[in-house]
């Protein structure tokens with residue numbers, strides 16, 4: 001299993017009238033792989049998974065995998081708040097030849113820690129693919145405790161967690177006791193370097209859409225022992241770390257992609273596009289980092 005350290009949580013391109021833009025998805029996927037992404041996560045939070053149909057997700061998994069082939073890992077976002085539905089989608093994704101699955105903590109129904117364990121255990125038993133768990137309590141309404149993550153890490157095909165809790169202590173607690181081959185990815189671009197400093201593996205990134213090569217340079221500097229160089233790149237990227245999250249993700253990154261002439265299109269309701277003030281801040285951050 002070689003996913004790489006920078007996985008981009010890819011946006012889902014739409015046409016001006018809100019239809020799925022598969023040609024745009026293929027072109028964007030190829031661009032991202034050519035510009036610093038080791039792999040792509042498809043139909044996750046940044047991919048607007050709540051407003052994608054089952055059929056659209058399947059089409060995205062198929063076409064993105066075709067577009068990048070063996071050049072990069074394609075991780076399918078198949079987690080939902082229904083265990084049965086997640087199993088069905090995961091099996092279909094596996095049949096399409098994706099390289100792994102990302103499973104979000106079930107949202108809205110607020111399961112207990114035991115419920116979370118049983119949910120992920122059941123999905124893992126239904127697939128042979130390696131799995132990334134995805135903990136994002138700000139969106140799901142339920143934090144997956146470190147103890148639960150550690151229980152799940154003992155399951156042979158659960159290989160990683162995307163920790164988007166923003167809690168470095170929680171990530172550290174996982175890293176202290178997890179199996180040696182269990183990977184902890186940051187779910188927050190701005191915490192990539194701090195998390196790697198305590199043993200994290202990499203980032204499932206939004207910012208890599210527009211600054212993948214700079215993100216890659218930061219990670220490579222750190223892993224080569226050039227901590228000062230990595231820190232300098234972190235500071236250089238800081239305006240983007242903030243500007244691309246000034247309103248609900250993926251609204252800002254889609255605006256940034258459009259400014260750079262890359263496939264993105266609008267967001268789907270109930271999300272709405274950035275305000276004029278937000279667009280100005282996004283453009284300013286792109287200019288400050290030499291991208292626009």
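Glycine residues also receive a Cβ, built from the backbone N, Cα and C atoms like all the rest.
Copied from Swiss-Prot, the annotated features are:
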ACT_SITE  134  active site, proton donor/acceptor
ACT_SITE  162  active site, schiff-base intermediate with substrate
BINDING   46, 204  pyruvate binding site
SITE      45  site 'Part of a proton relay during catalysis'
SITE      108  site 'Part of a proton relay during catalysis'
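The two recorded residues, residue 108 (site 'Part of a proton relay during catalysis') and the residue listed as 'active site, schiff-base intermediate with substrate', show a Cα separation of 19 Å.
A 10 Å cutoff on Cβ-Cβ distances gives the residue listed as 'active site, proton donor/acceptor' a total of 27 other Cβ atoms nearby, all chains included. Of all the recorded positions listed (45, 46, 108, 162), 108 has the fewest other CB atoms within 10 A of its CB.
All chains included, 30 other C-beta atoms sit within 10 angstroms of the C-beta of residue 204 (pyruvate binding site).
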